[in-house]
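Colleague: Take this structure first; my questions come after.
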């Protein structure tokens, strides 16, 4: 047997202790540390720019082409698209079963390469952005502190230098920039000056390009040398560009570019995105840490580099840290480790009261040994230290000493019955191996579906299950070897000493002293601190109730099932929630202004919003990112918005994490009042896999107008629900545009057509690139366009002179745009949405902080039914948001339950040797589920995903007591035959360790319950509530059901005996 070497060889026992502790400490020091589990990047966003195209053209010519190519990749689960004016955005969601996403993204890029040749002229290359599921570990910002206009060129240079320096730190994966403007050389032209030389903007751009000799001119190849030939005079400075000779089409004469245009170097206008540190212009850098690193050690090195770089900055530019994840990681892990230590103290204290100090020391030794072993196993399997893996240890804390309690208690009983320590150890291990293995295996099987759960939900909570499973395996192995050997050696000597101790005549005087009486009292083997707490009064009551339950088993079964049945009855009244919000000193704000809003106006508005937000004393600072999503400072963000001048997102830093929901509700009302034309969403940080809106209804159909009507009906219903703050749908929004109505006859007379007019206007207003300046490793394009003052004035645009495609005569045949047509302000569809290649109108509802999405969704469904909302033929709808994510995660969780349940049945039947006994165990499991539901109902908790996880894990824990008792019945011949008295004695004998393991498991959850974290509270209530009632099921229901089954079998045998002929009988 494995236990004998540890019992015989004390050195082996000590070295095993030392080895496990050293292994665990070493692993704990080297294990990666992070705030939350890392999710697989299953979302990608394809952005394709089609300048000037309407939403309908973008949909038909770009979006559908990309969707068609993507549909050929079978690992893609969902394709959603948004076709806007000049922009196509296609979002790809991979299947939840995908674990390695990178090979699939490679295939997506190949498909994009196949799609590009199918695009019409003018469409830019599609850009694939794999949505990062991790938060940036550090976000730093280079801030312009001067009162003058910011010099983004300077900020850009410093950002590039800092980027290089940070990427040189070991453990840094990548650095992304935000508010990082593009720099270019601008050639601003005056339309009248350009007309004087008979050129348009595109022709001028071509002449600049012809002067930029950045191409090979061949090589001189002689018998002795090979020399490269290069045409001198490439564009290398602003002065060189100004000196470019420009040929006039009027008279063939030349003029210098600087005489007809203004050449400057700067940021491309208008900028596409802005970063604001407080109210100051800045460029932000988001730094991602490589997986497998300790964030505390890595962040310390990053801070050193930032401090070094800060010393080199000139006056007027500062380097500030917006966000440092390491502080949050350390605080969260410190809190979890504190809970772990507090739980361990409570567990040992309960063991001391229940079993005495000697047994509690041995059982307590199992705690650090198992925890250290789990740390070592976490290192082997590559699971980092984060809130889920540590919480798995907290959940398993009461479980991992259950085996030790049973082993120690059984060895102590055998020793008291007179067995030698070695024989007691061997007999106990032989007797308990199968029951403990069975109970551990059934518990593992109930947690296994959580560990095997695919997708984001599984990656998020799966570490809990693996932490519990590793703890159970380690606990079983340690209890049946090290703890059993330690119990035999330590308790064996104690029992021997107590049996052999006799008072001696010589010490009578000494025994009369107070000290001797105290020592004698402390050594009393029957005192509670030596043998554990016991109350004769409670014992008598317990025996009476047990006698009654075994005498009337059917009534006992009914009574023990009252609370579980009440739990099942009330489960329908429990509010549901996927994952709760996070209590943190941060939150986010998203703002969508009207679609035509310029980025300059968006910037002014968010600065006004900042002043309003900072009037609240809880707010420390507000950082805005305009035109794009903010850097991901928490993993749950969806993000991915780019090139949206009307959009802004803020990171709000507080000085407290208390009262955040109330502050969010207050700010929501204030900002809605201050910006009535904008959609302002003040959002608390959420946990679990992300979703765009908490309540979502998707309406599918072919006709855009009909989809718009149906969406408006749902939108109107949602706006009437009190807890809904904003409603958004895909098709309501329209975008104003200037439509140029061209007089085609007049245009043809002067040699122009609609296409030529559009191309020349595009060139004038947006510019045409011709040539570039190479500066170090950066290539600055040279863009020719009219001045900002001209392209911002409609009268100036109307006066632009257009050049015919075919010149007639030597004189320029230029015509002002106003002579060829007129401008009209007309509405156009802002966007067209599709989902899996079908047109869809998605209606989204955003709700007040602290309100459950399920409540609002239920209200919506009731109102839809009351108003007889129906869809015409060819249209359908489905719900998205939290409900869709929760339903998918729950379905995935249940997908493996059937197979694992069958394995559990096989395990129980083989170990107990009876289908009926296995049925009793499953009845206990069902009763524990009812008790968990009753506890959730009694405490007013939500029935969310974590409550489901806790309830599933509870089943394996709650049935352990029943398995131990049923195994004991099988070992006792009298009890096995159905003798009531023997059954009672077996139950009484097992009562101490059933109660002790129950209480130790429950107290292990006290820190999680007292902490009040809404994430862990439902799980803790479900498990603690189910475990709290499990002694009723183990000590009353199990023997009652056992006797009922045995009694029926006896009756069946008697009936068979009566039915047999006399000769046979």
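For all residues, glycine too, the Cβ spot is worked out from N, Cα and C.
Note that TrEMBL annotation is computational and uncurated.
Annotations per TrEMBL:
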{"type": "TRANSMEM", "residues": "336-354", "note": "transmembrane segment"}
{"type": "TRANSMEM", "residues": "361-382", "note": "transmembrane segment"}
{"type": "TRANSMEM", "residues": "429-452", "note": "transmembrane segment"}
{"type": "TRANSMEM", "residues": "464-486", "note": "transmembrane segment"}
{"type": "TRANSMEM", "residues": "553-574", "note": "transmembrane segment"}
{"type": "TRANSMEM", "residues": "893-913", "note": "transmembrane segment"}
{"type": "TRANSMEM", "residues": "920-939", "note": "transmembrane segment"}
{"type": "TRANSMEM", "residues": "945-969", "note": "transmembrane segment"}
{"type": "TRANSMEM", "residues": "990-1009", "note": "transmembrane segment"}
{"type": "TRANSMEM", "residues": "1015-1045", "note": "transmembrane segment"}
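I would like each feature placed in context: is it buried or exposed, what are its neighbours, and how far apart are things?
Modeller: Sequence-distant contacts of the transmembrane segment (336-354) (same chain, at least 6 residues past either end, Cβ-Cβ under 8 Å): 360, 363-364, 367, 371, 387, 390-391, 393-394, 397-398, 401, 405, 528-529, 532-533, 992, 995-996, 999-1000, 1003-1008, 1011.
Tertiary proximity for the transmembrane segment (361-382) is limited to same-chain residues at least six positions away from its ends with a CB under 8 Å from its CB atoms, namely 17, 20-21, 23-28, 30-31, 292, 340, 344, 347-348, 351, 355, 389, 393, 397, 400-401, 403-405, 408, 466-467, 470-471, 474-475, 478-479, 482-483, 486-487, 490-491.
Listed by sequence, the residues of this chain that lie at least six past the ends of the transmembrane segment (429-452) yet keep a Cβ under 8 A from its Cβ atoms are 1, 3, 399, 402-403, 406-407, 410, 458, 461-462, 464-466, 468-469, 472-473, 475-476, 479-480, 484, 893-894, 896-897, 900-901, 903-904, 907-908, 911-912, 921, 949, 952-957, 959-960, 963-964, 967-968, 971.
Long-range Cβ contacts of the transmembrane segment (464-486) within its own chain (Cβ-Cβ under 8 Å, at least 6 residues beyond either end) map to 2-3, 6-7, 13, 16-17, 20, 362-363, 365-366, 369-371, 373-374, 377-378, 381, 383, 388-393, 395-397, 399-404, 406-408, 411, 425, 428-429, 432-433, 436-437, 440, 443-444, 447-451, 949, 953.
Counting residues 6+ beyond its ends, the transmembrane segment (893-913) has Cβ neighbours under 8 Å at 434-435, 437-438, 441-442, 445-446, 448-450, 452-453, 457-458, 921-922, 948-949, 952, 963, 966-967, 970 in the same chain.
Tertiary proximity for the transmembrane segment (920-939) is limited to same-chain residues at least six positions away from its ends with a CB under 8 Å from its CB atoms, namely 442, 560-561, 563-568, 570-571, 573-574, 905, 908, 912, 947, 950-951, 954-955, 957-959, 962-963, 966, 1018, 1021-1030, 1033-1034, 1037-1038, 1041-1042, 1045.
When Cβ-Cβ distances below 8 Å are used as the criterion, the transmembrane segment (990-1009) is approached by residues 338-339, 342-343, 346-347, 349-351, 354-355, 391, 394-395, 397-399, 401-402, 405-406, 409-410, 532, 542, 957, 960-961, 964-965, 968, 1016-1017, 1019-1021, 1023-1024, 1027-1028, 1030-1031, 1034-1035 of the same chain, each at least six residues removed from its ends.
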Colleague: Please indicate, using numbers and ranges, the residues of the same chain that are 6 or more beyond the transmembrane segment (553-574) and have a C-beta under 8 Å from a C-beta there.
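Modeller: Residues packing against the transmembrane segment (553-574) from afar: 926-937, 941-943, 1029, 1032-1033, 1036-1037, 1039-1041, 1043-1044, 1047.
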Colleague: Go through the chain and flag residues at least 6 beyond the ends of the transmembrane segment (1015-1045) whose CB is under 8 A from any CB in it; none is fine as an answer.
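Modeller: Cβ under 8 Å, 6 or more out: 391, 395, 398, 545-546, 549-550, 553-554, 556-557, 559-561, 563-564, 579-580, 582, 687, 916-917, 920, 923-924, 927-929, 931-936, 938-939, 941-944, 946-947, 949-951, 953-954, 957-958, 961-962, 964-966, 969, 978, 980, 983-984, 986-987, 991, 994-995, 998, 1001-1002, 1005, 1008-1009.
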